[in-house]
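Undergrad: Right, I'll just put the structure down here and ask away after.
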Amino acid sequence: MSSRKTKSNAHAECLSQVQRILRERFCHHSPHSNLFGVQVQYKHLIELLKRTAIYGESNSVLIVGPRGSGKTTLLNHALKELMEIEVSENVIQVHLNGLLQTNEKIALKEITRQLNLDNVVEDKVFGSFAENLSFLLEALQKGDRTSSCPVIFILDEFDIFAHQKNQTLLYNLFDISQSAQTPVAVIGLTCRLDILELLEKRVKSRFSHRQIHLMNSFDFPQYLKIFKEQLSLPAEFPDKAFAERWNENVHCLSEDSTVLEVLQKHFSVNKNLQSLHMLLMLALNRVTVSHPFMTSADLMEAQHMCSLDSKANIVHGLSVLEICLIIAMKHLNDIYEEEPFNFQMVYNEFQKFIQRKAHSVYNFEKPVVMKAFEHLQQLELIKPVERTSVNSQREYQLVKLLLDNTQIMNALQKYSNCPTDVRQWATSSLSWL
């Protein structure tokens, strides 16, 4: 009995390690994971970083690609290789994010903190942002340009920095990358293909115009290979026998017709690796001690969860009155061909239905209907077409419905306890109204 319990504990510990290794691989932009289809871009980036770290050259580059294309993973791999070179032990990294550093003052404080120069700056007063930044970089100098401490500035959500007032941060970073004594590399990450159009002329003139594009250009056979590699356990996994069985199961999954159908469907909707990781994470969550190996059913259920319509799910939790208002808006969309409408128009449509079917739906007072309408707006199922003025009446504010007919009908099919007359109203032709 004791040996069986020990064996069970060892099995549970083994699965716990599997979960930890794979979740870390799926959830983090780990520099230890493999790069897929971006070897040329990686070579370009690492070469540029080495020129800054080893030879004291200043450079600037933008990494451009859609969300989930691997921009951060690519950069993390390059930085990891750079930090393994003995010459660049003293390279300093400064990470900024457009969502966090919303203006140049906040950005400057963050730069000072990451450079560990708070005690140097103390109560000094600077005339401008440029003067302050130059002072920080001078504090890092060790004589000539080649012996000074290189600084790598990484700007995530680069396009948000481009929308900041006067683009002061970008101007000064690109300026020092051309003229400063301290070697500086400025690396921007963005999903905007038109990023150069957002830059002011003075900023653009100081940018090197180097761009590295990531476009997820792999085909389905490569996607299938990535699927196998991402699910496989590494050779150094402690329990060799379990790792062998796990990897054999992954190989069988990659040849299963049901799994291939799931992956093909997922690939056709979204081929980025972030989306694949989400699918694999949901399937991995179903692996337990009693169910130690992933199956095609797990992947099918994960695919179903990935493809759920969030807006349609919100509709499942609405009241019958709110459902009636959405159906009224659906008919208005059909009549006026997607033109905006207001509350009064929706209320009139609802009243037409009530007059015909008073026995099945309670006739709510107008303020109650208005409250339900406002709740739909809070849930972002409808949105105002234009900004509301203080003097405008709420009943006549123009709005648009953010659900299409298919979403409404699918949601109604799954809506429990919906009155039959309401369902019939939703499917009725315009002539019925």
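Cβ coordinates come from backbone N, Cα and C, glycine included.
Okay, these came from Swiss-Prot:
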BINDING   Gly65, Pro66, Arg67, Gly68, Ser69, Gly70, Lys71, Thr72  ATP binding site
MOD_RES   Lys7  N6-methyllysine
Undergrad: Cβ neighbours within 10 Å, counted over all protein chains: which one of the binding-site residues Arg67, Lys71 has the most?
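TA: When each Cβ's neighbours within 10 Å are tallied, Lys71 tops the list.
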Undergrad: What three-state class does DSSP give Arg67 (ATP binding site)?
TA: coil
Undergrad: Using DSSP reduced to three states, classify Thr72 (ATP binding site) as helix, strand or coil.
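TA: Its secondary structure by DSSP: helix.
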Undergrad: Which has the fewest other CB atoms in a 10 Å radius around its CB: Gly65, Pro66, Gly68, the listed binding-site residues?
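TA: Relative to the other binding-site residues in Gly65, Pro66, Gly68, Pro66 has the fewest Cβ atoms within 10 Å.
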Undergrad: Among Ser69, Thr72, all listed as binding-site residues, which has the most CB atoms within 10 Å of its CB?
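TA: Neighbour-count leader: Ser69.
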Undergrad: Within 8 Å of the centroid of the Cβ atoms of Gly65, Pro66, Arg67, Gly68, Ser69, Gly70, Lys71, Thr72, which other residues of that chain place their own Cβ, given that this set defines the recorded ATP site?
TA: Cys191, Leu214, Asn216, Asn272, Gln274
Undergrad: Around the Cβ of Gly70 (ATP binding site), how many other Cβ atoms lie within 10 Å? Please give the count over every shown protein chain.
TA: 25
